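Visitor: According to TrEMBL:
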TRANSMEM  21-38  transmembrane segment
TRANSMEM  50-71  transmembrane segment
TRANSMEM  91-111  transmembrane segment
TRANSMEM  123-142  transmembrane segment
TRANSMEM  154-174  transmembrane segment
TRANSMEM  180-202  transmembrane segment
TRANSMEM  222-242  transmembrane segment
TRANSMEM  267-284  transmembrane segment
TRANSMEM  304-329  transmembrane segment
TRANSMEM  341-361  transmembrane segment
TRANSMEM  368-387  transmembrane segment
TRANSMEM  393-413  transmembrane segment
Amino acid sequence: MKLPGIKGFDEEAFNKYLKNTGWLMFGKIISLIVNLAITRYLGPILFGDLSFGLSLVAILAAIGGLGLDTFIIREVIQEPSKRDEILGTSIVLRMVANGLLIPIAIGIYLMSHSLSSNPGYSLTLLIALLAFASFFKSFNVIDSFFQSQVQSKYVVQIQNLSLIITSIFKVLIITFSLPLIYIVFAYILDAVILATGLIVAYQNRGLKILNWRFNKERAKFLLIKSSPLILSAVMVTIYMKIDVVMLKSVGSKAVGIYSSAQNLSEAWYFIPSAIVTSVFPALLNARKTDLSRYEKRLGNLYDLLVYINIPIAIFISFFGADIIHIAYSGKYDGAGPMLSIHIWSGIFVFLGMASSQYLIAEGYTKISFYRTAAGAMANILLNFWLIPKYAGVGASIATLIACFISTFYVLLIPKTRHQGIMMLKSLFLITAFQKILKR
């Protein structure tokens, strides 16, 4: 089957990249099916507890990563002889940070659980175990090493193995009607498999983890260099997850219903991500050789992402309630309006992904951070206002507005304003009509 290309891009390279992501698409589809089954099985209240725990821990885990990934890759490439020192120092820093997540996550919940209409101390254990699972992400330093060696295939194989094992485990949980805590164990199992797989893959290359060593000066250097990225990672995670955490003030059922809509709405985000990633090299090449072609390619990319989203968003706006009813066997029927609203956030997320490539190509990393921070702050403020009035529907509206603010923040900056205007033309199909009239 021939995949659709983008006008102005190397169609052969584009199709080759997308075909090579078939494993990713397969994994996403399997995950979607299993997660739909888990969501049905748990029901709104228990699924709400799980979603709240995952979102809270995700925000804290952004701190635990310490923004080190990029710097590990760079340092290993620049100083290959210092590999053991770089990896050893990085994993100690991450283990300390991720180890602190467990008491911090529990503390945050215990201080705020009174906000919920149905607080339960069983959720304390759930959060502690999910935070414990994040501890094993410390071994992702090995992933960064493989990236520095252009050997990410090892990581992909490990991820696929983990997906298969944990999916089988989740199906068994449903089959034998096991309680929520076993699903939490599935997340821990996933983290353990990934960590173990990374260690085995590293050792199989003739390298030894026991040779890793910690260096205090290297630790100071890495922390100083990565500190801006820590804040950036936290902002991104708050931007994406804070609505679920704040909605807990209404109750676990409200969180579960909203999360069921959110998960369906975001299930296909990997598709535009793959498209944007596939054309990024072509954008960089055009910027070096022909600025006019560079701008044209950006415009074509914006157009394509809008064309993909609008028909889907319109369809789901009309049939959101029916989709929710069929997908979840009637257990989450209140999520229909939330899905119909939330699906429109995708168009701004997609345009945001594409314009982020422009900001990276131009070296405007600070602007990229500021736009994310603006979206995060808008999401928090809007949720404070809308959730008490409209619960999950309010959270959906807040997400939609926050995504718009974040994406079109570039309009406020003179040197990036023309990109915002290009995206607006794509959004309102102005460029589409211009192309039709030129024929």
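The backbone N, Cα and C atoms fix where each Cβ goes, and this holds for glycine too.
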Visitor: For the transmembrane segment (368-387), which recorded stretch in the set 91-111, 154-174, 304-329, 341-361, 393-413 gives the largest number of Cβ pairs separated by under 8 Å?
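Guide: Of the candidates 91-111, 154-174, 304-329, 341-361, 393-413, 393-413 scores highest.
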Visitor: How about the transmembrane segment (180-202) and the transmembrane segment (50-71): at least 3 CB pairs under 8 Å, pairs 6 or more apart in sequence, or not?
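Guide: They are in contact.
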Visitor: What stretch in 50-71, 123-142, 267-284, 304-329, 341-361 has the biggest tally of Cβ pairs under 8 Å against the transmembrane segment (393-413)?
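Guide: Top-ranked stretch among 50-71, 123-142, 267-284, 304-329, 341-361: 341-361.
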Visitor: Six or more residues beyond either end and a Cβ under 8 Å away: which residues meet both conditions relative to the transmembrane segment (304-329)?
Guide: 6, 36, 39-40, 260-261, 264-265, 268, 271-272, 275-276, 335-337, 339-340, 343-344, 346-347, 350-351, 353-354, 426-427, 429, 432
Visitor: Mind checking which residues of the chain, 6+ beyond the ends of the transmembrane segment (222-242), have their Cβ under 8 Å from one of its Cβ atoms?
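Guide: The answer is 55-56, 58-59, 61-63, 65-68, 70-71, 75, 89-90, 93, 369, 372-373, 375-376, 379-380, 383, 402, 406.
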